[in-house]
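Database features, via Swiss-Prot:
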BINDING   520-578  ATP binding site
BINDING   700, 721  Mn(2+) 1 binding site
BINDING   700, 721  Mg(2+) 1 binding site
BINDING   721, 723  Mg(2+) 2 binding site
BINDING   721, 723  Mn(2+) 2 binding site
DOMAIN    493-751  domain 'ATP-grasp'
REGION    1-338  region 'Glutamate--cysteine ligase'
């Protein structure tokens with residue numbers, strides 16, 4: 001069958017780049033000094049029996065990070081980035097992920113290498129068998145398994161354009177068998193470009209072991225890596241022959257079970273190999289990628305893109321020998337390349353030239369212009385072995401050592417994970433509370449699907465239990481009407497007042513002129529102007545000592561800009577506190593100090609704001625724990641009330657407030673007060689939220705004196721607002737005080753069977 005012609009058909013070409021990707025990556029945990037960790041798998045990751053993203057491989061110290069299936073290499077790497085952040089921040093503080101395929105220095109005694117402590121006893125027994133049959137040390141090598149599937153739409157179009165095979169499932173299997181054979185034949189190129197295990201640490205090989213002449217390109221991908229015994233031979237001529245050979249090996253005792261068969265490429269269908277006759281081959285797993293220590297993920301996007309184009313090439317190019325001989329030639333070439341010196345030119349230059357030239361021709365024929373740059377980059381390395389991963393490693397190792405290389409990069413990547421611990425790599429454009437929520441969900445092993453990134457809409461799943469979450473705390477636990485109640489400040493006040501809670505008096509206006517005419521009633525009072533239905537403190541102006549008509553009018557203009565109706569309310573004196581109530585319990589209390597700067601007698605207000613905004617904890621759009629302080633109309637109005645402008649130079653230690661309202665979302669500072677506020681106020685908050693019918697709520701109380709016990713029917717407090725989607729990041733990472741992991745509390749509410 002001429003796949004090259006099929007791939008160029010008009011109906012096929014729009015689909016040639018469509019594929020599905022997945023990745024499994026192993027790393028040993030080591031100390032920050034580069035010694036194999038001795039701790040058990042962190043319990044913070046939950047149960048390994050179901051965790052979809054973070055598992056252990058052979059040993060208790062060998063993490064396996066698993067991405068969900070993605071429709072692009074970029075999306076796959078994005079999730080891998082997030083899983084790395086979770087893994088690195090969750091392991092003990094004195095540990096890191098060892099960035100090399102070859103393990104750090106191993107203990108002298110094999111019994112000190114601990115097999116993974118799994119719940120499934122048969123899995124433990126299987127690892128014990130592998131340890132006895134192949135030795136523990138070979139099992140400690142780490143790498144990447146790259147899962148690749150041609151999109152079903154591409155397979156269907158190819159199938160429709162041919163007439164030799166009359167069943168699409170059989171056609172798909174035929175495609176993957178061809179690609180598998182070609183991969184085994186040409187995998188030497190992958191070993192050359194991406195091999196990254198040139199040397200081993202002391203005690204990896206025993207004195208009586210057969211050892212390579214180090215350095216090489218890839219110990220892991222040579223006969224010195226992990227592989228079956230020489231008497232295990234399997235044909236790739238057809239799926240039937242492949243399965244028959246493996247079955248015979250098991251029957252003859254050469255393999256303990258089907259999954260013991262280990263090859264650079266694995267054919268995948270159902271959950272077990274025995275499912276393949278029924279399911280056919282659904283995708284293939286490439287198992288010969290070493291960890292790239294020059295990437296904090298162990299792999300770079302260019303490598304993923306190259307592998308994608310390489311997989312297209314393997315379908316494009318013809319086989320030139322009988323199947324078993326074709327594969328055997330590939331084994332010989334791969335061994336030659338794997339055991340070559342990292343800085344030596346390979347003997348397969350001519351074949352490499354042909355492969356790269358044909359790949360470029362294929363990209364031209366299929367109209368894949370963007371692929372030529374990536375392919376060209378790696379083509380350049382064909383004659384420059386020092387630029388390959390193993391070549392660059394050997395350059396460093398010669399001047400330092402392999403362990404030093406591992407230590408330098410391992411520590412660097414571990415530190416990078418903590419530069420902005422409140423963000424989640426791969427998802428930094430999402431709201432901060434959602435990022436923290438995603439971190440916790442990944443850590444605990446909940447399956448995640450991002451339904452709408454712009455809307456912060458997530459789907460979580462554990463077994464058959466599915467939950468939908470918006471903005472990190474809008475869940476099925478609150479019914480539809482609850483957010484509508486809290487969105488409407490007039491309705492909120494009426495419900496709370498009817499339930500016996502103290503709320504400020506005031507008026508509602510939908511007409512700018514009518515509101516303006518109310519000025520005389522408030523000119524000499526303390527009052528607040530705010531939109532009727534907004535969150536995050538937008539459009540609010542506070543006048544503690546009355547206001548001129550000009551300022552009153554400006555406040556109305558600002559409020560009407562946010563909503564079609566505004567409220568003018570009495571100002572309640574006291575300190576404002578945000579109570580975060582979840583499931584009839586106060587989980588956190590926050591004192592929010594309005595946006596402010598402290599003078600130094602030298603710099604203007606504008607310059608002081610710029611300096612304070614340089615704090616890495618400050619950002620925009622809820623992607624940092626604190627928001628940038630603005631200098632817009634509201635802030636300038638606030639300065640005017642203090643007799644200042646943005647060009648004024650405040651005296652030393654003079655505190656200048658730029659906002660009257662204390663929302664962190666408008667540049668305020670957050671201070672945790674959970675353990676300071678009397679329980680009487682917590683009870684008031686709980687009862688008020690219950691009156692609104694909410695499970696999750698941020699409710700704002702004004703308290704004149706927190707040392708005086710609060711009572712529901714008194715003036716010891718006043719409720720000024722309730723929020724249906726309260727920000728959580730300011731509680732998790734406060735400006736001062738203890739952080740409260742509210743995102744984990746939400747997860748516990750949704751999945752008590754997972755989060756204990």
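Quick reminder: no glycine exception, Cβ is built from N, Cα and C everywhere.
Cα of residue 520 (ATP binding site) to Cα of residue 700 (Mn(2+) 1 binding site): a span of 28 Å. For the pair residue 552 (ATP binding site) and residue 721 (Mn(2+) 1 binding site), the C-alpha distance works out to 22 angstrom. If you take every residue in the region 'Glutamate--cysteine ligase' (1-338) and average the pLDDT, you get 96.
Residue 576 (ATP binding site) is 7 Å away from residue 700 (Mn(2+) 1 binding site) when you measure Cα to Cα. In this structure, the CA atom of residue 528 (ATP binding site) is 12 Å away from the CA atom of residue 721 (Mn(2+) 1 binding site). Taking the Cα atom of each, residue 560 (ATP binding site) and residue 721 (Mn(2+) 1 binding site) are about 18 angstrom apart. Cα of residue 576 (ATP binding site) to Cα of residue 721 (Mn(2+) 1 binding site): a distance of 10 Å. Of all Cβ atoms in the protein chains displayed, 19 besides its own lie within 10 Å of the Cβ of residue 560 (ATP binding site). The 10 Å shell around the Cβ of residue 552 (ATP binding site) contains 23 further Cβ atoms across the protein chains shown.
Long-range neighbours of residue 568 (ATP binding site) (same chain, six or more residues apart, CB within less than 8 Å of its CB): 506, 507, 509, 515, 518, 522, 527, 528, 529. Neighbour counts were taken at the CB atom with a 10 A radius for the binding-site residues 520, 528; the maximum falls on 528. A 10 Å cutoff on Cβ-Cβ distances gives residue 723 (Mg(2+) 2 binding site) a total of 22 other Cβ atoms nearby, all chains included. In the three-state DSSP scheme, residue 520 (ATP binding site) falls into the helix class. The separation of residue 721 (Mn(2+) 1 binding site) from residue 544 (ATP binding site), Cα to Cα, is 18 Å. Following the DSSP three-state reduction, the secondary structure of residue 528 (ATP binding site) is strand. The DSSP secondary structure for residue 568 (ATP binding site) is strand.
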